[in-house]
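Listed features, source TrEMBL:
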type	residues	note
SIGNAL	1-33	signal peptide
DISULFID	C90-C95	disulfide bond
BINDING	R172, T174, W185, S229, H232, R264	FAD binding site
DISULFID	C371-C374	disulfide bond
ACT_SITE	C371	active site, nucleophile
ACT_SITE	C374	active site
Amino acid sequence: MSQGVRRAGAGQGAAAAVHLLVTLSFLRSVVEAQVTGVLDDCLCDIDSIDNFNTYKIFPKIKKLQERDYFRYYKVNLKRPCPFWAEDGHCSIKDCHVEPCPEYLKMANNTKELEDCEQANKLGAINSTLSNQSKEAFIDWARYDDSRDHFCELDDERSPAAQYVDLLLNPERYTGYKGTSAWRVWNSIYEENCFKPRSVYRPLNPLAPSRGRFFLCLCLEKRVFYKLISGLHASINLHLCTNYLLEETWGKPSWGPNIKEFKRRFDPVETKGEGPRRLKNLYFLYLIELRALSKVAPYFERSIVDLYTGNAEEDADTKTLLLNIFQDTKSFPMHFDEKSMFAGDKKGAKSLKEEFRLHFKNISRIMDCVGCDKCRLWGKLQTQGLGTALKILFSEKEIQKLPENSPSKGFQLTRQEIVALLNAFGRLSTSIRDLQNFKVLLQHSR
C-alpha cells in the first residue's frame with residue numbers, strides 16, 4: 001500500500017471518528033434540546049418552570065414533607081384488585097417479605113428467582129412506627145372525627161388501613177417489572193385516556209405509540225391524557241434517580257442510572273416519545289401548581305389547623321404551608337382552567353362527569369399494583385392528583401368559604417391534604433431530578 005493511500009485511509013478514519021463523536025454528542029443533547037420552549041395548551045415555557053421550582057418551591061416543599069403532619073399517610077394496601085386476579089408472582093401482599101414461589105426453586109430458574117427475591121426485598125413496606133407515633137395517631141383520629149366531613153372516607157376508616165411513614169419508604173427502584181407491571185399501565189391508558197378505539201397501544205407502555213391521536217381530541221381529553229402521561233413520566237424519573245446500583249455486603253447503593261433514563265426518555269430509543277413524556281410532566285406540574293394557588297384561601301382561614309398535638313410545630317407547619325401557597329400564587333404563567341368545560345352547560349357537565357369517572361377508575365387500578373411500595377406511592381400520587389382536580393372544579397365553593405366554620409360546599413380530609421402536598425412534592429422532585437440528569441448527560445460526553 002502506498003504512503004498516499006495510507007494517509008487517505010487514516011484521514012477517512014479520523015473523519016469517521018469525528019463524525020461519530022459529533023453524532024454521540026448530538027444524541028446526548030437531544031433530550032435537552034427537545035424538552036424546551038412553550039408547552040402546548042398553555043402559555044408557559046419550561047425554563048421559567050425550572051427556575052421557579054429550583055429556587056422557590058423545591059427547598060420549601062422538601063421541608064414540608066419532613067413535618068409530622070405530612071410524613072405519615074394512611075392507606076389501605078390490602079384491597080384486592082377489582083379487575084383481574086393478581087398474577088404477579090413476585091407481588092407483595094403484606095408488609096413482610098414473602099417467600100418466592102416454590103415452582104421457581106423447583107425449576108432451578110436462578111435468574112428469575114433472584115429477580116423475584118430482589119423485588120420482594122425492595123418492594124416491602126417498612127412499617128416501623130414508634131409507640132409514641134401510634135398513640136399520636138389515636139389522638140389525630142379523635143381530632144379528625146370532631147371535624148365535619150362531607151366526602152366518603154370508607155378507605156381511610158377501613159380496618160385494613162394503616163399509617164405509613166413516607167420518609168422510611170422512599171419511592172425508588174424495587175425490581176417490580178415485566179408483564180404484571182405493564183398490565184397496570186396498559187389498562188390505565190387503554191381504558192381511561194379518551195383515545196379512539198382504533199388506536200392500539202402496545203402492552204409495554206414504554207414502547208412508542210402509533211400516532212399522535214390526542215392532537216385530534218378536545219382540550220379536556222388532551223388534558224386528561226397529559227396528566228396520566230405526566231404522572232407516568234414522574235414515577236419513572238423517581239425510579240431512574242433512585243436506582244439500585246449495587247449491593248455489597250448487604251448494603252445497597254442507590255443513585256441515578258443514566259442508561260435507564262435514556263431507555264425511558266431518550267428520543268432515539270423511544271422513537272420521539274421520550275421528550276413528549278417529559279413535557280407532560282411539566283404540564284402536570286402546572287395543573288397541580290394551579291390547584292395549590294386556588295386552594296390557598298381554604299388554609300388561610302383560622303379555623304384550619306394542621307393538627308399533630310404539638311401546638312408549636314403545628315403553627316410552624318401551617319406558616320410554611322402558607323408561605324408555599326404565596327409562592328404558587330406569585331407564579332405569572334398559570335394554566336387557565338377556565339378554558340376547560342367552557343361549552344354548553346349540558347355537554348360540559350357530561351364531559352366533567354366522564355372525566356371524574358375515568359379518574360376514579362384509575363385510582364381503583366392502583367389496587368392491582370403487585371408491589372406494596374409501588375402501590376403506596378401510586379395510590380398517594382393518584383389521590384393527590386384527584387384532590388387537585390377536585391380543587392380546580394370547586395372554585396366557586398372555595399370562594400364562598402366561611403371564615404370560622406366548616407364549609408358544607410368544600411372540605412378536605414387529612415388524607416387528601418397529605419396526598420395533595422406530597423404528590424406535588426414528587427413532581428417538584430422530578431423536575432429537579434431532570435435537571436440533574438441533563439448535567440450528568442453533559443458530563444458523560
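Placement of Cβ uses the backbone N, Cα and C atoms for every residue, glycine included.
Other C-beta atoms found within 10 angstroms of the C-beta of H232 (FAD binding site) number 20, with every protein chain shown included.
Note: the CA-CA distance between W185 (FAD binding site) and C374 (disulfide bond) rounds to 12 Å. Sparsest Cβ environment among the binding-site residues R172, R264 (other Cβ atoms counted within 10 Å): R172. R264 (FAD binding site) sits 20 Å from C371 (disulfide bond), counting Cα to Cα.
S229 (FAD binding site) is surrounded by 25 other CB atoms, counting those within 10 A of its CB over all protein chains shown. Proximity to C371 (disulfide bond), defined by a C-alpha to C-alpha distance within 10 angstroms, is shown by the following binding-site residues from R172, T174, S229, H232: T174. Those residues noted as binding FAD (R172, T174, W185, S229, H232, R264) have their most widely separated CA atoms at a distance of 21 Å. For C374 (disulfide bond), the binding-site residues whose C-alpha atoms fall inside a 10 Å radius of its own C-alpha are R172, T174, out of R172, T174, S229, H232. Of all the recorded positions listed here (T174, W185, C371), the one with the fewest other CB atoms within 10 A of its own CB is W185.
Of all Cβ atoms in the shown protein chains, 25 besides its own fall within 10 Å of the Cβ of C374 (disulfide bond).
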